[in-house]
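K.L.:
One structure coming up, written as structure tokens, with questions to follow.
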Amino acid sequence: MPKLILCRHGQSEWNAKNLFTGWEDVNLSEQGINEATRAGEKVRENNIDIDVAFTSLLTRALDTTHYILTESKQQWIPVYKSWRLNERHYGGLQGLNKDDARKEFGEEQVHIWRRSYDVKPPAETEEQREAYLADRRYNHLDKRMMPYSESLKDTLVRVIPFWTDHISQYLLDGQTVLVSAHGNSIRALIKYLEDVSDEDIINYEIKTGAPLVYELTDDLEVIDKYYL
């Protein structure tokens, strides 16, 4: 039976500081390391044999993957990384304190940017964009693929092709797959898997460092889901 494990990275240093993070590359906090370690322990305690793992290009997700596989004694399995699993790009909000953003733009506007399905935050500057384009992780990408900012809908548009072309292929082969990613890239996968409405998906809360297991049919229909 195919099994999918979705796990948002452990708390990051910027999560702890209440900052918009998006594509900014920050480390796990001490709490985040503990969460990721505990996630791996839960995988081991539940005797789950992972066949393959997928993660983003951002350190907090990469490190979470490492801790999960290390603590579950499965460091040797293949791990595939893609920018398509990165967090939603928060554009010009990245690096801002969320409370300060509410004071500057108004609480209602910030809520719309954070929780609407198809509204993008303000775009990043050209200088910020050029820094991403120069990053070795992204400098091979067509510039047209690099976002200035993203809505949740935009995030889904880039995540689902990766699901279809890569992740789902291992599940269709009956394997157990770990996806260690981010709040919004995981929301995109949940929306697709469960056919969640645009209105409802924005209210889904994704816990940090908590493995969410999906048991699937051979056709990848959801049979059951539960947190470890």
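Cβ coordinates are placed from backbone N, Cα and C, and glycine is handled just like the others.
What Swiss-Prot shows for this protein is this:
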type     : residues                                       : note
BINDING  : 8-15, 21-22, R60, 87-90, K98, 114-115, 183-184 : substrate binding site
ACT_SITE : H9                                             : active site, tele-phosphohistidine intermediate
ACT_SITE : E87                                            : active site, proton donor/acceptor
SITE     : H182                                           : site 'Transition state stabilizer'
K.L.:
Can you name the binding-site residues among G22, R88, K98 whose CA is within 10 A of the CA of H9 (active site, tele-phosphohistidine intermediate)?
P.N.:
none
K.L.:
Where among the recorded positions R8, H9, R88, K98, H182 do you find the Cβ with the fewest other Cβ atoms within 10 Å?
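P.N.:
Checked R8, H9, R88, K98, H182; of these recorded positions, fewest Cβ neighbours within 10 Å: K98.
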K.L.:
Identify, in sequence order, the residues in the chain of E87 (active site, proton donor/acceptor) that are 6 or more apart from it along the sequence and have a CB within less than 8 Å of its CB; answer 'none' if there are none.
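P.N.:
In sequence order, the residues whose Cβ lies under 8 Å from that of E87 (active site, proton donor/acceptor) (at least 6 apart) are T21, G22, W23, S56, L58, A181, H182, G183, N184, S185.
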K.L.:
Hey, of the binding-site residues listed (G22, G183), which one tops the CB count within 10 A?
P.N.:
G22
